[in-house]
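Comments concern the structure below.
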Amino acid sequence: MPSSVLWAVDLFGRVHTLSTTGQYWEPCRDAQLEFKRVSATTACCWGIACDNQVYVFVCASEVPIRRREEAYENQRWNPMSGFCEKLLPSDRWPWSDVSGLQPRPLDGVALPSPHWEWESDWYVDENFGGEPTEKGGWTYAIDFPATYTRDKKWNSCVRRRKWIRYRRYKSRDAWAKIPSKDDPKQLPDPFNDLSVGGWEITEEPVGRLSVWAVSLQGKVWYREDVSHANPEGSLWSLVDCPGEVAQISCGPHDLLWAVLWEGPALVREGINRNNPQGSAWSIVEPPGPDSGILHVSVGVSVVWAVTKDQKVWFRRGVNSHNPRGTGWIEMVGEMTMVNVGLNDQVWGISCEDRALYFRQGVTPSELSGKTWTAIVAGRECDRSYSGSSSSLLSAGCFFGDEVRGGGDSAPSDSDASSEVERLGPEHPLSVEPGDKSRSAGPGPSRTEAGAVQDTCPAQGSGEAAQVSGLHRQPGPAELPWTNIDLKEPPKGPSCPAASFPQPTGLCSLGLLGMEEPCGAADHPLWAWVSGGGCAVEAGSVLKWFSVQSGLSPSVQTLSLSITPAQTAAWRKQIFQQLTERTKRELENFRHYEQAVEQSVWVKTGALQWWCDWKPHKWVDVRVALEQFTGHDGARDSILFIYYVVHEEKKYLHVFLNEVTALVPVLNEAKHSFALYTPERTRQRWPVRLAAATEQDMNDWLALLSLSCCESRRVQGRPSSQALWFSPDLEAGEHLLPCDQMFWRQMGGHLRLVEANSQGVVWGIGYDHTAWVYTGGYGGGCFQGLASSTSNIYTQSDVKSVHIYENQRWNPVTGYTSRGLPTDRYMWSDASGLQECTKANTKLPSPQWTWVSDWAVDFSIAGGTDPEGWQYASDFPASYHGYKTMKDFVRRRCWARKCKLVTSGPWLEVAPIALGDVSIIPESTPDDRRRHSIALWAVSDKGDVLCRLGVSQLNPAGSSWLHVGTDQPFTSISIGACYQVWAVARDGSAFYRGSVSPAKPAGDCWYHIPPPAKQRLLQVSVGQTSVFALDENGNLWYRAGITPSYPQGSSWEHVSNNVRRVSVGPLDQVWVIADKVQGSHSLSRGTVCHRTGVQPHEPRGQGWDYGIGGGWDHISVRANATRAARGACRAQEPSAAQEAPGPVCC
C-alpha cells in the first residue's frame, strides 16, 4: 500500500500530518500560521486560517507544476512593405490569443500571483502539427480566420506565429494565500468552512478539483478552474442556496451535502463533468425533530453526520443515482465531527477527550464499519525524547556503572520531583501502560484489564492525582510503574530493583519519561481532521493503534536493541559456522554410493483439454505428471493426457524438457493455461488445458513450472542478460531460435518491463504504477520450491475494460440503437465484431474483481462531445468529437475498472505515475565506477523525467530530475551510447542532445518530423540503430545516423503489423507482431526476432517467429550476448548456468 497522509488540526491551530506507514504525528513545515480547519487531497491541502483567509498547501513533488502561456503574432501582406503588423480595421489584434478576439501583447502577460515564477523568456514555437516549420515559425493562410499551413502560397495574404513562455509554481510545501482579483464590492465574506473534492468527476483537465466554501453569512462559494496545472484556481463564484449554510462537504465524485443553521441538510443535484457546480438543491430532514444536524461528511457512496446532541448517524442508500439516500441509522459513539476519506474510510473526534478515532471494518460490503478505535500515535516530541531515553538505557544496560557514575547523564529523583512541583496540580502527569481500551469507543475512561483508570480529581478538590499501575512484577525489559504524589515529592527512590542492576539508575530512567512536555496521557486535543488524502485499504495493518505493551509511547523504545551492524556480523558468523560443519560432516561419506539411484513420482488429476481436431471444443481428460530421477541426479518429467475418441482410449504426451513456455490464458472465463513446444510454436497451436477452479490451475502451473525448470536445470534469479516480456516472463540469454527459447514466469502483473545488462529491471502496471525488480522469483500461484523465500511482496494492478455503444441516424427519430442489417452490434468491442453489453461483459480473467460501475470514458482519442459521443460518416471510419452534416453514425465508449491483487518480486516506486520507462542497456566503465545507471521515464501526464542514483545496489534510485519539454511526451528510449529519443503526443520524434554521465539531463531537444502522413507511437534505440512504430502498426528505421549527425536523415519502412518493438544493445531487433500468417489462424501478439541484422544491413532481412499470441510487450535491452559462431540451433542452456538470462516481453 503506497504511503499517504492524514491531516489534522489541534486546538491551538497547529496542523499535523500522520503517514499510513508511520506512527508519529509530524507538524506541518510552515508552522507560522494557525488554522481553523483543513480539507485535503492526495496532492494538496486547503485550509482556513485564523485570519479567515484561504490558503493552499501543495505537496512537494519532483515533477514541477508548469503552465504554458501562448500569444500569437498576426501579420497581413500588402504590396508596399510585404508582411507587416499593419492590419485591416476588421482584422484581429496584432498580438492576440488563439481566437484573435482578445489582445495579448507579450509585455501584458503577467504572473497570476506571487506564487509563480517565469521559467524562461518568450520564444517562437517552430512545431506545427508534429512537423517543423520554416525558420521563424510562420504559418500562412488566405485570411483571418482560416486553415493555416506551413508552406507559403501565392494567395497567402495573412500569416501568424505562436510565442510560448512557461511559468512554474514555486510555493511547494508551504501555505500559499489564495489571491483574489474580484471586484472589491463583490469579494466573499470571511470564510467559515471549506471542502475539497470532485477529483473523480473527470480526468480532464488533469487533477481538476471542486473547492467549495461557506462564508460567515451562510453563503456558498465555488472556486473556479482549480486543477493540477492551476492549483490556486481563478476566482470565486457565488452559488445560490435556499438558506444560510453552516457547513459543507464534497466527496471525490459527485456527492455534495451542506448543513443549514436550522439543522436540515442540503443535497446538491446535477453535478457532472460538464457542470461541476450542479444545478439544484434538495432538502434532507435531520434524524429527529429535536436533533438537528451539526456536521456532515460525504464520500463516494456514504454520508456520515453528527447531530447537535453529539450523536453519530450513517445515511443508508446513498449513491450517484440517489444522492439523498433513504434513511438514517444511529451509530455508537459521541463525536464533535466526523470525516470521510478515500475508500469511504471514516475518522472522528471524540466530544469528551478530543481524541482522534478511526472507524475500523469499513469495506465495500459493509460501509458503516464495525467499531471506533483510538489513534494513539505519538508526536515528533515523543520520538525525539524517547530516542534519547533509549540510548541512555542501552548505555546503562551494556556499560553499567559507567553511565550512572557520570552523575549528569540522568536526572535524580529529586530533580524529577521538583519538575513535577513546578508544573503544579493543574497540569497532572500520568503514565499509562499500553492503551488498548480506546477501541471500544470514545471517552476517557478505561475499564479493560491492564488499563489505567482516569483518577484526576474533580475541579477544585485539591486532592493529588495518582497513577497506579498493574499489580505485577516488571519484566526484564520494561519499567515498573511508580505512585507519584504531585504535592509532596518522594524522599527517595520508590522503584524496586528486580529488573536492573541498581535501583538508582532505574528510577532515574523511569522518571525521565515523566519530564517530557508531551507524554502519552497528554495526547493532542484535536479540533479538525481530514482524510481526503489518506488511502487506507480494507484489511491493511496500520501502526496507529498500539504501543509496546506495558510502556507509554514516550518510553516504549527503552527496550534493549541490537544495531543492524551487530545483526549482520552475527548472521555472517553463524553462516560460516554452519558451512564449516556441513563440510566436516559430509567429508567422511563422500565415498559411499547413493542408497537410491532412481526414483519415480507421479501426480494425477482431472482437467479439460482443447481438442486438436475439428470441431474444436473442451473435452474432459485425465492428466498424469510422471517425474523420474536418473543416476546422475538429473530430473526429467513427462506429462500424459488421456482422452477418449469414439469410445477408444488414447493419449498424448509432452516431454517437459521440450516445453518452451508455460503460460496462463487470461482472456476467457475458464481457468486455463497453455504449454508451448518448438513444434507447436511453429504451428501456433499450443496444448491448452483448463482446471475446474483457480486453485487447481495455480497448483498445476506451479508444479509444471518447477518440473520444467528442474529438467533444464534452471533455478534462482534470472541472469542480468535475460530478455523479459509482459506478462512477466523471462527467457534464457543464449541466442537460440525463437521457437526453442525457454521462457519462465517470474510472478507479478505488469503492462511493460524494461531491463539492462546490469540486472536493473523496472516495470509499469496498467494503473501507471512503477515497480522495481527485487531479485526474487515466483509469488502469486508459485509458492514453495517454485518461489524464492524472500523479496516477494504484495502487488496490485487496476485496468479498465472498454465497450462501445453504437447508434445510427435516421430522418424520423434521429440517432437510435436501430442499425442496418450490415452494421456492427449496437453494443460491441472497439472493432465492432464482438457483441459486448454491460450485462455480458466479463472480467479479463477470474483473478480480477470489479471495483467500479460502468461510466462514460471521455478520454478516448479523437475527443468527444459533452455526452461522450464520437461521430463519423459510417462504420468503421475516422471518428471525431463534433457533429457535422455528413455524420450518420456515432459511438461512445464505456469503461469499468477492475483490480487484481497478487504477489511477486516487485517493489513499488512512489509517488509519480509513469507511462513509459527506459534504462540504458549497457553502462560504460566510467558509469560502473560511479555506480550510476541512466534511466529515463515519461509520466502519465507527459512529463519527461531522469532518475538519479540508480545502481545495481540501489535499482530503485533516489530522486527524479525533471526535463523540460514544449509538449507532453508518450514514449522514450535511451541507447547504449546515451542517445535519448522520445515521441510526443502529436506523433513527432525528438532527440535529446549532449546527454552524458557528467550531464545526465542533456541540454536541448531537437525536433524530428515523423514519416510522411504518419504519427509515431513508440521509439526504441540500440547501440547505433533507432526503430520507431507508428499508430498504423508500421515499423520504421532511422537512416543516416552518424556520430557527427545523431539525428539521422530519413525514415525507412521495415515492416507492418507490428505492435511493439525493442532494440537491444547489439542492435538486435525484437517485436510483438500483430498478425502472423502460416498457422491454424491469424495469431495476434506473437514474439518475433529480426534476422540478418548486420552493420552493413541494420534493417535486417527477415523474421524468426516465436511463441504467440496475446503478448503485449517485449524487452531485449538486457541481452548483450553475442552469438557464438557455428553455434548449433538446438543448443540448450548449460548446467553450469543456474540462472539463464531472459528476454522480457
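Every residue number used here counts from 1 along the chain in the order it is shown.
Cβ atoms are placed via backbone N, Cα and C, with glycine included.
Noted in TrEMBL for the protein shown:
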- 64-125: domain 'Peroxin/Ferlin' (DOMAIN)
- 137-170: domain 'Peroxin/Ferlin' (DOMAIN)
- 796-857: domain 'Peroxin/Ferlin' (DOMAIN)
- 868-901: domain 'Peroxin/Ferlin' (DOMAIN)
- 405-497: region 'Disordered' (REGION)
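Beyond the domain 'Peroxin/Ferlin' (868-901), the same-chain residues lying 6 or more positions past its ends with a Cβ under 8 Å from any Cβ of the stretch are 749, 794-809, 815, 823-824, 831-832, 838, 841, 843-844, 847-858, 860, 862. Taking H, G and I as helix, E and B as strand and the rest as coil, DSSP gives the domain 'Peroxin/Ferlin' (796-857) the counts 0 helix, 25 strand, 37 coil. The domain 'Peroxin/Ferlin' (868-901) scores a mean pLDDT of 92 in the predicted structure. For the domain 'Peroxin/Ferlin' (868-901), the DSSP-based tally of helix, strand and coil residues reads 0 helix, 18 strand, 16 coil.
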